[in-house]
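Here is the structure we will look at.
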Amino acid sequence: MSTTNQISASVSDVEGTLGAVSPAPTLQGDHPSKSVHHIPEQSHSQKSYNTGDGELLATTNNADVLIVDWDGPDDPQNPKNWSYRRKWAATIIISSFTFISPVSSSMIAPATGQVASAFGIDNDVMLALTTSIFVLAYAMGPLFLGPLSEIYGRSRVLQLANLWYLVWNLVCGFAQSESQLLAFRFLAGLGGSAPLSIGGGFLGDCWQPHERGRAVAIYSLAPLMGPVVGPITGAWVAQYSTWRWVFWSTCIVDAVIQIIGMFALQETYAPVLLERKAERIRRSMDAEKAPYREIRTVFEGQDRSWQAIMAKSLSRPFVLFAHEPIVQLLGVYMAYLYGTLYLFLTTMPSIFQGTYHQSVGISGLHYAALGIGLSAASQLNARTMDKVYIYLKGKNGGVAKPEFRLPAMVPGSLLLPIGCLIVGWTSEAQTYWIAPDIGIALVGAGIILNFQCIQTYIVDCFTLHAASALAAISCLRSLAGFGFPLFAPAMYKALGFGKGDTILAVVAIVVGCPAPWILWRYGERIRNSSRHAR
């Protein structure tokens, strides 16, 4: 659209539900440009439109387009200006959605013996598939759910996807064959993948960069604590009931979260909120007397068709992964982290039931060691991440950088291989059971430190399209979470726990240790050459 059709206007809404209108920006790529082209003022007129929420008063020039924006930097309708109580309420609800789905992903692991007996499964790979196929769906769901949240809004897509997960997870408990269980698990995983890709976008919408660390730390803990809590509870459910109640019990908890979310979780995505404002303005105008040919938001270009928006949003995760070195590097590392987590989740029963000859219920308690490592490191990082960020920002003359999120990756990239070595060789030597538990806790600490730093860094770099960036990373990591448990039985059978976990430690050093150094040194240069990074 030529600059002769652009306008400068301001809007006041009595109820605070309609935003300001600002000069039309020059659109470049996916982001509105910071440059604004003004035209010489012509004759001005003052128009009033009754929107139903109050009277919208606009001062305009004789132009064709009205651009809708927030009512200034302090607009209370902007999610970044919400109260802390409102932000934390949204964060806790999102984290709850993000927690319950991974519980389902691993809760069946201790009950696979019952599943094998029920359906006559005698193949180790097929038995592992009953657990990991849920994670395979995690790789596919975010590719369309993340972008859909950037078209229809975070809250709507998240809750509909969770409802889909709830239905199919319930049906899993009624499966009558191995093939039915695998199909139902996959379909449930598609819906359950939504919080993993959309949740980061929620936090990017609500929290300012200097506030975001603690919120992302809690959110990042949820998908890792879920797979830990799942086997602990699943072991006791399987021991005192049947494997079917593994699914039904999670459905009860998820239904409660769904009901709370329906009433308490509000939309946060700025383009969707501003589009709703623009729609209210359109409805308030007399079609015959309206002074504008078009009303649109600052995020919209000339082509506002559904097809154009859908095509761009659905392709964005692939574009980000193909063209963004940040997404490629961190995506590979996060894939390894997630794969290692699920490898441990599926092989811990073979350590404590096979090597230490413990019962199903008692062996399930060792997942608490992983939970202790995850939660302790997460809480420590949550309390220090924002402080370190603010400190480094002050040393940099008050200029913030996403790279200030990376320091905790250094200890995290060291704790992971150390923990793998301890678990492998103490299990091989059949030392007292507390020794492998210590190693498992260090593995959990290393995973969560890296996980939180990567999540926060990605959100800071790709704020507006954080959901798409996280979807690209989630796809790769979920493929690893699906594949690692499938080769684990053969690896440990051929090499033993000592040599097998040594291989994991070496890969963790090669892949993980250079990552924080590379991004700290070259991250800003990479971002400056990016079309999508902020």
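Cβ from N, Cα, C; glycine included.
Per TrEMBL, these features apply:
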{"type": "COMPBIAS", "residues": "1-11", "note": "compositional bias 'Polar residues'"}
{"type": "COMPBIAS", "residues": "42-51", "note": "compositional bias 'Polar residues'"}
{"type": "DOMAIN", "residues": "90-524", "note": "domain 'Major facilitator superfamily (MFS) profile'"}
{"type": "REGION", "residues": "1-54", "note": "region 'Disordered'"}
{"type": "TRANSMEM", "residues": "88-113", "note": "transmembrane segment"}
{"type": "TRANSMEM", "residues": "125-145", "note": "transmembrane segment"}
{"type": "TRANSMEM", "residues": "157-176", "note": "transmembrane segment"}
{"type": "TRANSMEM", "residues": "182-204", "note": "transmembrane segment"}
{"type": "TRANSMEM", "residues": "216-239", "note": "transmembrane segment"}
{"type": "TRANSMEM", "residues": "245-265", "note": "transmembrane segment"}
{"type": "TRANSMEM", "residues": "326-345", "note": "transmembrane segment"}
{"type": "TRANSMEM", "residues": "365-383", "note": "transmembrane segment"}
{"type": "TRANSMEM", "residues": "404-425", "note": "transmembrane segment"}
{"type": "TRANSMEM", "residues": "431-449", "note": "transmembrane segment"}
{"type": "TRANSMEM", "residues": "461-482", "note": "transmembrane segment"}
{"type": "TRANSMEM", "residues": "502-520", "note": "transmembrane segment"}
Which bits of the chain, at least 6 residues beyond where the transmembrane segment (502-520) starts or stops, bring a Cβ under 8 A of a Cβ in it?
326, 329-330, 332-333, 336-337, 340, 343, 403, 406-407, 409-410, 412-414, 416-418, 420-421, 424-425, 446, 450, 453, 457, 491, 495, 526
Look at every Cβ pair spanning the transmembrane segment (125-145) and the transmembrane segment (182-204), keep those 6 or more apart in sequence, and say whether at least 3 of them are under 8 Å.
yes
List, by number or range, the same-chain residues at least 6 past the transmembrane segment (326-345) whose CB is under 8 A from its CB atoms?
106, 109, 131-132, 135, 224, 227-228, 231, 320, 367, 370, 416, 420, 423, 440, 443, 447, 450-451, 454, 457-458, 461, 469, 472-473, 476-485, 488, 504, 507-508, 511-512, 515, 518-519, 523, 526-527, 530, 533
Long-range Cβ neighbours of the transmembrane segment (88-113) (under 8 Å; 6 or more residues past either end):
82, 127-128, 130-131, 134-135, 138, 158, 162, 165, 169, 188-189, 192-196, 199, 202-203, 206, 215, 218-219, 221-231, 233-235, 237-238, 243, 246-247, 250, 253-254, 257, 260-261, 264-266, 268, 342, 345-346, 349, 360, 363-364
Return the stretch with the most CB pairs under 8 A relative to the transmembrane segment (182-204), choosing among 157-176, 245-265, 365-383, 404-425.
157-176
At an 8 Å Cβ cut-off, counting only pairs 6 or more apart in sequence, do the transmembrane segment (245-265) and the transmembrane segment (157-176) clear the bar of 3 or more pairs?
yes
Let me spell it out: take the transmembrane segment (404-425), skip the flanking residues so only those 6+ beyond its ends count, and list any with a Cβ under 8 Å from a Cβ in it.
213, 337, 340, 344, 351, 373, 377, 381, 384-385, 388-389, 392-393, 396, 435-436, 438-450, 452-454, 456-457, 460, 497-502, 504-506, 508-509, 512-513, 515-516, 519-520, 523
